[in-house]
Each structure stands twice: as structure tokens, then as C-alpha cells.
Amino acid sequence: MTTATRLSTITSAEELARLRATLPGHRFVIPADDPLPLDCGVSLGPVTVAYQTYGTLNAERSNAVLVCHALTGDQYCAEDHPITGKPGWWLTVIGPGKAIDTDRYFVICANVIGGCMGSTGPSDPDPATGRPYGLDFPVITIADMVRSQVRLIDHLGIDRLFAVIGGSMGAMQVLQWAVDYPDRVFAAVPIAGAAYHTAQNIAFHEVGRQAILADPDWCGGRYLEHDISPRRGLSVARMTAHVTYLSETALHRKFGRNLQNRKELSFGFDADFQVESYLRHQGSTFVDRFDANAYLYITRAMDYFDLAAEHGGVLGKAFEGTRVRFCLISFTSDWLFPTAESRKIVHALNAVAANVSFVEIESDKGHDAFLLDEPEFFRVLDGFLKGCAEHAGLAEAGS
Amino acid sequence: MNVQRPAPTATPPIRPDLRHVAEMVTPGARVLDIGCGDGALLKLLADEKGVDGRGIEIKQEGVNACVANGLSVIQGDADLDLAYYPDRSFDFAVLSLTLQATRDPRQVLLDLVRIGRRAIVSFPNFGHWRVRWSLLVGGRMPTTATLPDAWWSTQNIHLCTIDDFVDLADRLGITVERKLALDSHGQPIKLSAFANCMGETGVFLLRKG
């Protein structure tokens, strides 16, 4: 089922509220009288957490798997997207008989706070003014996202998650969960992640943010009140970011220097090359489903992420005494979150004699490999989860 | 009444030295298996001795196979990654048929007895009579069942004999608690005087000091 409306065509707060109300799925509200304390010092409330679930929670409430989405992902991980109509971003991994087997596990996926798919973010009305928050929305962190998820898990009556799993920014949330709530996580699977955002990663995010800020339609973040949307800025931000999710090999294989619907160079600045056309398409379809201010806030949350910094600069200290079973997975051609970053986490976990598995998957598809068809990755994830389920005493699917 | 039992599922035979390594491990222990290959020893120890096992393997196919089988294994290198493990974090640190392929066997041995309260090391004995015979009579680099690769393709850069190993352990202040020399059928050689000549594989139980 796809709603006819797209985020990009929405240029007023009222229309946006209408779209939000029609998005399928569950809502949980953190009340204003028990607000969410944020790292920046502000307490935020009320906060809506929009989430989806797949599978069935067992009587012992012991089979819950929290899936954490990446920067531009959302809670619709295992179903068609209500706005784009495209298949869920992790349908390859989540479903009956798949690695995250919904016949066995109860899967929860929540839109991060600061997002734009139903959870409270900068495009929502600020209770103090009635206007959209815009840049009055507090800067949130990965730890804040996790705090909101903890409140959701409390609300669902789940003491301990069987597993927390996610790629990229999702991996950051997984690590934060394992460090801040080790007693509430049995297994943690950070995929294509890192314990901090590198200077290069921050640099790419800054390029994207500056593209949004430089778009006159951004209006100091108050575009919704001016009935416009910074489409060009957000589109450029996406184009830049998208390149970082791929690899030179993948780009070359897909496009080479092939020309787009023409036989000769145009000697102009049209999209002569297929790769240009592809990127423009990526940019323009992205703005159909994403909010520019949400992009600013979520990229900032990733930039601020540094697990070791919270523990005196020593990553190992973050994991001291942990009983969580870890499985780190990286991909050979991922230059945004390279294997070396996962290995640093593995070394820190070894230093505290934690239970850790670490697999590097051979792939030439770059950072995005974790979202694509990678049978070896599926096999490893499936095996790790089954092994953990045995240790956790979870019943097998169908029993 | 004639009840037909289902045939037991076939498991590949375990390498003989691993069988003897496993016998040295106490039930329920924490074990780090360095160079764990496809996880055969870890699986055996988990199934038969209820061991809490972890592995390090340099080859990615081995690591993937282990993790896909529910074993806790990381991709890593004995020469590079042992430094990250804290002292006495395992009851046993196991290094089976891998020492001869490390760049710095001395450091690896010291790390083993530092990380494990006990270390178990097995290696192909270069003093075995077949090796001696091959070199003496054939005049060529020996290739045997435990050393199957030609000199130009072997990973084994630090081969030693059982007597060499005993000597190094002594120099490093490492105590040999048990010493086994296995013949080509994996049977221990009874007379220790013949160990260095008749043993194809050496299996040692070690501790620091």
C-alpha cells in the first residue's frame, strides 16, 4: 500500500502532519511529564517513537530482536515502503526462514528520533510555539536515539533483547546499546560500523550539510513555514553521500564511461554520462522521502559518535566486564567504514576477553553491501544468530 | 520387534593431534584456539567438554565457516593479534600445527603462556625419521604427510624438531607439563628416548614459569 503523497510535495506543516497520521505502523509516546533526557542537556517531551514489528513476541518475551536503521533508513525494513512503494531496505535479511527469522524472532524496528518517518524530529511542531521545530530542535546523539529505544522496549515489557542488529549508523546504535545497557542485550551485531566517525566521514557529511544550508529554499530551516523545500541542497547532499556508499569497482562495472541516451559528448553540462544521470536520479528520489532538517540532525548525531571518548579515550573500557556476545561484520570494499575500524573494536573486545566473532565479507559493492544480496553475509549472520539462540535457550522456529 | 535406528550423522574424522589436544583440556574451561581452521577442535570441545571456546583464524573461509556454525571466531593473525589479549584471560590457549607458520614463534609462545594459564601446542616434528631419510638419501626438501607442500609453496617458515622445541621452552622459562610424540597413526610413542625420531607430531602442555 502506498500513500499518494510524497514528502517533497509537502510544503506545509499541516500537510506533513496529515501524511504522518496516515503512515502505517505503531506509535509510542514518551510523555511530556516524563521526558527524554538528551546528551545536550535538554529534556525532550512529548516524543513520539514510530516503530514496526514483525513476527511474534514469545511468552517469556525473550525472542525480541531490535533492528537499528542507518542514516536514511526507517522502520519499514521488512515490508514495502509506504511512501516510495519500494521493497523494505532489509527484506534480504528479515523474514520467515531468513537470517533474522520472523518465524523465530520478534523483530522491532523504530524510526530514530530526529528522523522524518513518524518519530519526533525537526519538522514536528514545537509544543512551545506551535510552529515546526526547525533548528530549535535539540541536537541529538546516537546515545539519545538508543535512550528512546530503551523507553520503547520498556513499554513493550521486554527486559532483555535477544539481539540488537544494524549496519552503518545502525551499527553505532548497536554498539551504544551494548556499552550502555549490557544487561539488556544478549547478542550484538554491528555491521559495517565503527566506534567513532572518522575525519573523512565528518568531512563528507559537512559537504552535504553545506549544500542544504546554501540552498536559498532552506530559509534558515523554516522552509515548511514558507511552503517550500530545499530540494536542490538535499539532493546534492544525497548525491555526495551516495558516492561514498559505493566503490570504484562497483561504479565502473555499472556505468564505466558510458554515455546517457546519446552517442556523443554534448559539450555542455547535461548529464552526458550514465553515472551523472544515476546520481541525479538518486538525489531527486531521495528528496521525495526525506526531510532536509532531519538530514542535518542525523548526520550530526553520527559525527558526534565516539565511544572511546566517553570512556577516557580507551575503547576497551567501554566494554569492560561485558557478557554480550558480539559479531562484527565488515566488507572488503567498504572505504567509508573500512574493515580496519571493525578490527579496532575487535581488539578492544579482545582486551577485555569478550565473546566476539569477526567476519570480513568479500564484496566489491562498497559500504552499501550490507543492504545488498551477499549470500555469504546472510549465511554468517544466520549461523551466528542460531548459535546465540541455542546459548540463550530460544525455541527453534515452528517448535 | 525390530526397531531400525537412524544412522548417526557422519562427522569427518578429527585430526589425531586434535584428539590429544582435546584430552588435555579440562571440562568447562575457557579455551582460545589460535589457528582454529574450520573450527573442528572448538566444536569437539564444545560438544564433548562443554568448553567456552573462542578462535582466531587467518583464512577468511575458515572464519566464515566457524561463525556460520555458531562458533565465536575472529579473523586474525597469531603474530599480530595476540598482543591485544589480557593476561590469564583463558584457561587454555591452543596452537595446533600453526607455530611453524608464525613469523616470531618465540613471541607467540610467550603470548600463549601469558594469555592462557596453560598452553597446548602441537607442531610437525622435523626430526621425524621420514624427514631425515628424505633429506639424507634423497637430498631433497622433505615432503611428508604432515609436511605435504613443496619448499616453494609451504607456509612453514619456522620448522623445528621436538628436541628443538624443548630447548626453546627451557630458554623462555616455559615449563613442559606434558609431552607427547604421536606416530603417523596418531598413537603416542611410549619410549620418550625415541620421540624425536619416531614422532611425526609433537603435542605439548605448557605453563609459564
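Every residue, even glycine, has its Cβ placed from backbone N, Cα and C.
Per TrEMBL, the features are:
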type: DOMAIN; residues: A:64-372; note: domain 'AB hydrolase-1'
type: ACT_SITE; residues: A:Ser168; note: active site, nucleophile
type: BINDING; residues: A:Arg238, A:Asp368; note: substrate binding site
type: ACT_SITE; residues: A:Asp334; note: active site
type: ACT_SITE; residues: A:His367; note: active site
Would you say which of the recorded positions A:Asp334, A:Asp368 has the most Cβ atoms within 10 Å of its own Cβ?
-> A:Asp334
Residue pair A:Asp334 (active site), A:His367 (active site) - Cα distance, angstrom, rounded = 4
Segment confidence, the domain 'AB hydrolase-1' (A:64-372), expressed as mean pLDDT = 96
Neighbour tally for A:Ser168 (active site, nucleophile), based on other Cβ positions within 10 Å of its Cβ | 27
What residues, ordered by sequence, lie under 8 A Cβ-to-Cβ from A:His367 (active site) and sit at least six positions away in the same chain?
-> A:Ser168, A:Ala192, A:Thr244, A:Tyr245, A:Leu246, A:Phe331, A:Asp334, A:Trp335, A:Leu336, A:Phe337
Based on DSSP, name the secondary structure state of A:Asp368 (substrate binding site): helix, strand or coil.
-> helix
